[in-house]
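Enquirer: Would you mind keeping the following structure in view while I ask a few things?
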Amino acid sequence: MLSEKTIRIVKEITPLVAANAETITRRFYERMFEANPEVKAFFNQAHQHSGGQQKALAGAICAYFTHIDNPAVLMPAVELIAQKHVSLGIKPEHYPIVGSNLLAAIGDVMGDAATPEIVEAVSEAYGFLADIFIGREGAIYEEQASMPGGWNGTRTFVVTKKVRESEIVTSFYLKPEDEGPLPPFKPGQYITVHMDHPHTPTSPRNYSLSDCASQPHYRISVKREERLVPDAPDGLISNHLHDGIEEGHRIELGPPCGEFTVDPATIAKPIVLIAGGIGVTPLLSMAKSIVHANPNAELHFIQAARNSKVHAFADELRRLAQAGPNVHTKVIYDSPLPGDVEEGKCDEAGFVTENQIRESTPFTDADFYFCGPKPFMKNVHSCLRELGVDEHRVRYEFFGPKEELVAV
């Protein structure tokens, strides 16, 4: 356990650290990538260029320091991060690298304010948190390896089918090269693609599993990512998957990870899934798995897209609507093309609104799951809050660094 002295010091310096948190995290990544270039491949460089990773880490540090006297409230965040760490192959030996560079970055930014007493307290606090992560991640690794067909590290898969879902989304159907069994996954989980690219070392990328959990294959559905900011590169791995990977090619995959999941066998109330853009992928897996396990389940699926050209899984959503007597779907285009509305390709034009959720879902009783781009997520979260939906009935997933939805 942490000493009372360490807790007191960390609480005292929290305002100062919070005021400089993003400066500290930017310096941290600069130092670490220079001193330990071997860890650079763990990090999505698009998120580095956009500043999203630095902002997310700054938020995590501030949250830990704020709640250092009651770390139990951080356990949901610990689970999310531990799952992500396992997906990337983070091991106990990586934690000292992070710790030493973080302490050095704090010293660089805070200068003389980072007294030996403060550095010692932050070091103890970091070590305490690192031990929590190492323990949880070890349990996840063990669980993955012990499943029928399970594995740690990477396993070679073959692309058995490649399907264009829209102008910007392509699906890849994957089976093990060794023809061995596939371990079960929880609807909503993701797998990690480990891929070499001419402009970067082997780069792990997480992609949600987008098909029913009962299928004899894994399916990922990849959006062709464009640069997030002017000087950043386009998504290297997503573009390589679209342009360079064909049926018959081999891909190295990590096992399923992730805590944004649903258990179809235990559903006891209506489920509402609200998807924006490529955020449809984990929710489609949830929907198909729920209906497969219980055809009479009450399910409401709202899918938002720009227009019919970029609307992925339109046919699958129509089939889903016919899969059970209590399945209800709605498609909303915010920038419909001429004919999209008239030809029935979408049900409504505009954005997801509080009124739409009120009128088309049992919002007073349902559990809500939503996923999509940050502005979409902020809007949906705000709508649910205005409708009085209890937070314990709301689950959501960001693609990329997880950030606060409530405050800009």
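Each position is counted from 1, following the chain as shown.
The backbone N, Cα and C atoms fix where each Cβ goes, and this holds for glycine too.
Grabbed the feature section from Swiss-Prot, which reads as follows:
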| type | residues | note |
| --- | --- | --- |
| SITE | Tyr29 | site 'Involved in heme-bound ligand stabilization and O-O bond activation' |
| SITE | Lys84 | site 'Influences the redox potential of the prosthetic heme and FAD groups' |
| BINDING | His85 | heme b binding site |
| REGION | 149-408 | region 'Reductase' |
| DOMAIN | 152-263 | domain 'FAD-binding FR-type' |
| BINDING | Tyr190, Arg205, Asn206, Tyr207, Ser208, Phe398, Phe399, Gly400, Pro401 | FAD binding site |
| BINDING | Gly277, Ile278, Gly279, Val280, Thr281, Pro282 | NADP(+) binding site |
| SITE | Glu397 | site 'Influences the redox potential of the prosthetic heme and FAD groups' |
Enquirer: Any same-chain residues 6+ apart from Thr281 (NADP(+) binding site) with CB under 8 Å of its CB? Would you list them in sequence order, or say none?
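Expert: Correct list: Tyr207, Ser208, Leu209, Ser210, Ile220, Ser221, Cys371.
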Enquirer: Near Val280 (NADP(+) binding site), how many other Cβ atoms are within 10 Å of its Cβ?
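Expert: Cβ-Cβ neighbours of Val280 (NADP(+) binding site) within 10 Å number 30.
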Enquirer: Does DSSP give Glu397 (site 'Influences the redox potential of the prosthetic heme and FAD groups') helix, strand or coil?
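Expert: Looking at the DSSP assignment, Glu397 (site 'Influences the redox potential of the prosthetic heme and FAD groups') belongs to a strand.
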Enquirer: On the 0 to 100 scale, where does the mean pLDDT of the region 'Reductase' (149-408) fall?
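Expert: 92, rounded to a whole number.
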Enquirer: Counting by DSSP secondary structure, give me helix, strand and coil numbers for the domain 'FAD-binding FR-type' (152-263).
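Expert: So the domain 'FAD-binding FR-type' (152-263) is made up of 9 helix, 50 strand, 53 coil.
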Enquirer: Judged by the number of other CB atoms within 10 angstroms, which among Gly277, Gly279, Pro282 is the least packed of the binding-site residues?
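Expert: Taking Gly277, Gly279, Pro282 as the binding-site residues, the minimal 10 Å Cβ count falls on Gly277.
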Enquirer: Test of understanding: give the count of other CB atoms lying within 10 angstroms of the CB of Lys84 (site 'Influences the redox potential of the prosthetic heme and FAD groups').
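Expert: Its Cβ shell of radius 10 Å holds 19 other Cβ atoms.
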Enquirer: What does the structure give for the C-alpha distance between Tyr190 (FAD binding site) and Glu397 (site 'Influences the redox potential of the prosthetic heme and FAD groups')? Integer Å is fine.
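Expert: If we compare the Cα positions of Tyr190 (FAD binding site) and Glu397 (site 'Influences the redox potential of the prosthetic heme and FAD groups'), the gap is 11 Å.
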Enquirer: Asn206, Ser208: which of these binding-site residues has the sparsest Cβ neighbourhood within 10 Å?
Expert: Asn206
Enquirer: If one measures from the C-alpha of the residue listed as 'heme b binding site' to the C-alpha of Asn206 (FAD binding site), what distance in angstrom results, rounded to a whole number?
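Expert: Distance between the two Cα atoms comes out at 11 Å.
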Enquirer: To the nearest whole angstrom, state the Cα distance for the pair Glu397 (site 'Influences the redox potential of the prosthetic heme and FAD groups') and Pro282 (NADP(+) binding site).
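Expert: Rounded to a whole number, the Cα-Cα distance is 9 Å.
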